[in-house]
Amino acid sequence: MHRPAPNRPLNPRRIGVIAMHTFTQLVRMKVFYFLGIFAVILLASNLFNIQHIDRPNLEGMEVLRSIRNLSLGTMTMFSVVIGIVATALLIPKDVEDRTLYTILAKPVPRLDYLVGKLGGLVLLIFTSLLLMDLLMMGVLTIRTNMVLEAQTASALRIGWPPDQIAAMKEETAKLGPGWDLQVAVLAVFLRAVVIASAALLLSILSSSTLFTTVTGFIVYFIGNFQATAREVYFDSAGVSAMERLAGLAVATIFPDMSLYNVIDKIISGMEVPPGTVATLCGVTGFYLVMHLFVSWLVFSKKEF
Amino acid sequence: MKSRRPLIAAAVFLAGGLLRLPLEQAVTADFRQQGLLSPPLEIATREKIGQNSWAIALSGLRTLVATFAQLQATGHFNKCEWTDLEGWMNTAVELSPQGTYYWDMGAWHMAYNAAAWYRLESDLPPLRKQAEERRWVEKGRQFYIRGIANNPGDWQLPMLYAVLLTDGRRFPDDQAAVEALRKAVATGKAPPYVHRQRFFAEARAGKDPAEMLAAVRSLLVHQENRVPTLLALCYTLEYQTNEPEDPAALALSIFGSEERALRILGDYYVNNVVDRMPERGVETGIRILEGRRGISPEDPKSYIRLKEVARQRLTLGH
């Protein structure tokens with residue numbers, strides 16, 4: 001005999017439906033238009049080519065570097081903006097459209113609603129980053145091949161031995177498409193997830209989109225000072241009690257966004273060990289669960 | 001009961017914050033130790049890039065701002081505004097200290113471009129020209145030194161620094177070049193040509209020829225090391241340690257054919273105006289080999305003549 005499913009929270013199917021609805025809702029808001037801007041920025045980054053410099057190992061390197069820097073920088077900006085603004089819109093829009101009442105009138109646990117909403121947003125960020133990543137890798141592949149050709153021709157003209165040319169090509173290839181960039185994109189994604197979950201918590205505390213957006217950006221910027229605040233708290237030499245307390249407050253309340261700045265090192269060509277990626281995923285998971293849990297505590301009894 | 005929820009939420013939030021405090025402190029310290037996170041920015045840099053850029057730089061876009069700082073430097077390079085260029089390159093490396101490219105680019109602009117500009121283009125009196133040239137070469141060297149200190153595992157920067165220290169037109173320091181190349185080799189990542197560069201530097205610095213010859217012979221066993229400069233160095237070291245009765249026969253045994261011997265020794269001899277490698281016996285060998293081919297030293301094709309021309313050009317500062 002078919003029995004109705006018990007109304008237990010964290011039902012994957014239910015969360016999936018809400019997440020997909022949220023994703024569709026956001027896509028209809030034409031957020032993907034920014035991909036056009038990204039493409040323009042990516043193409044513009046190809047123009048940063050300084051004049052002939054008669055050093056094969058420097059030939060065209062600034063172009064590869066600017067493609068990496070501008071692409072990942074733009075991805076960071078867009079993902080953070082989407083993470084904050086789209087989250088700030090989600091619940092107020094559901095209230096405005098009266099969708100929220102329809103959903104909550106059904107046997108949908110409020111936790112599932114929150115997880116689904118955030119899930120849809122995370123899916124949107126993931127899709128956006130995936131598309132931007134594909135664009136970046138495509139442009140970088142083409143451009144790296146061009147740079148390698150120019151470098152080789154230049155080195156042969158000067159008369160470099162084959163092993164020197166091979167070493168130069170190896171170093172240049174490090175700035176081309178590679179797994180390191182995928183790690184950087186993953187770090188961009190994880191940072192966006194943290195800021196989106198923080199924005200979700202803010203939007204639960206306030207029903208104003210503007211307040212959530214502004215506060216979300218403040219949280220993001222202060223989050224980048226978190227390491228400094230923590231140092232003020234831990235390294236008490238020459239620091240007053242009041243300053244230590246302020247440091248503690250900042251370090252406790254705001255998420256640490258500076259941890260994700262490992263992206264800078266990846267762009268510089270540094271290899272990130274798998275343990276670091278795992279640590280970042282762990283930290284992100286902690287924030288996600290904590291923000292969701294606190295959001296649910298407030299949201300579960302909230303009246304609309 | 002309802003009013004308790006926000007209080008519980010606040011308590012959970014604060015407890016979570018306190019729980020992650022020591023963990024994140026440990027992670028930050030670990031990431032900094034691994035070189036994955038940069039140290040906090042210096043105040044001077046904050047002032048230079050302006051408050052807006054500073055905020056951006058702290059928000060995960062440091063390398064992006066570094067790119068723009070380097071583009072600014074390129075703008076000053078085009079206008080030969082060397083002091084401004086230096087300032088922007090300093091900003092770029094402070095924002096991205098692990099970006100070896102910025103260190104190399106900055107040092108190259110200062111030691112090569114700025115120094116050459118003061119030598120060739122500036123309207124200063126001769127003594128001031130020379131002083132400025134030397135000052136900018138020194139700035140370039142210091143830039144490389146800082147870059148090497150910030151990137152201890154990198155082989156490229158010490159190698160490029162050694163190239164600068166070796167340059168005959170830029171106040172060479174052969175002993176320092178040897179040290180720099182030893183540092184590059186010590187990273188364990190340097191390709192074979194850097195090992196060869198180290199031998200060349202040691203030869204310039206006057207290392208014992210017999211010892212050098214043994215090392216060069218062991219290098220030449222590997223096919224990838226049989227490059228013209230090392231073969232020519234082998235010839236001159238053989239000549240120094242045991243002067244041959246027939247230099248042409250020695251050249252033939254090393255280079256395989258007289259034609260090849262003349263070409264390689266000739267290029268080595270002409271390039272040595274700048275390269276400053278040991279060259280005992282090279283001129284003798286060239287004269288004998290050219291004589292056998294009917295080329296007189298006054299002939300425009302003669303390497304003896306070509307070296308004279310190269311020397312004159314260098315004296316004139318071309």
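Every residue gets a Cβ built from N, Cα and C, even glycine.
Here's what TrEMBL has on this protein:
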- A:31-50: transmembrane segment (TRANSMEM)
- A:70-91: transmembrane segment (TRANSMEM)
- A:118-142: transmembrane segment (TRANSMEM)
- A:183-204: transmembrane segment (TRANSMEM)
- A:210-233: transmembrane segment (TRANSMEM)
- A:275-299: transmembrane segment (TRANSMEM)
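Counting Cβ pairs under 8 Å to the transmembrane segment (A:183-204), the stretch among A:31-50, A:70-91, A:118-142, A:210-233 with the most such contacts is A:70-91. Long-range contacts of the transmembrane segment (A:210-233) within its own chain (CB-CB distance under 8 A, at least 6 residues past either end) are made by residues 80, 83-85, 87-88, 195, 198-199, 202-203, 239, 243-244, 246-248, 250-251, 254-259, 261. Beyond its flanks by at least six residues, the transmembrane segment (A:70-91) meets 22, 26, 29, 31, 34, 37-38, 41-42, 44-45, 100, 117-118, 121, 124-125, 128-129, 132-133, 135-136, 139-140, 181, 184-185, 188-189, 191-193, 195-196, 199-200, 202-204, 207, 209-210, 212-213, 216-217, 220, 263, 267 of its own chain at Cβ-Cβ distances under 8 Å.
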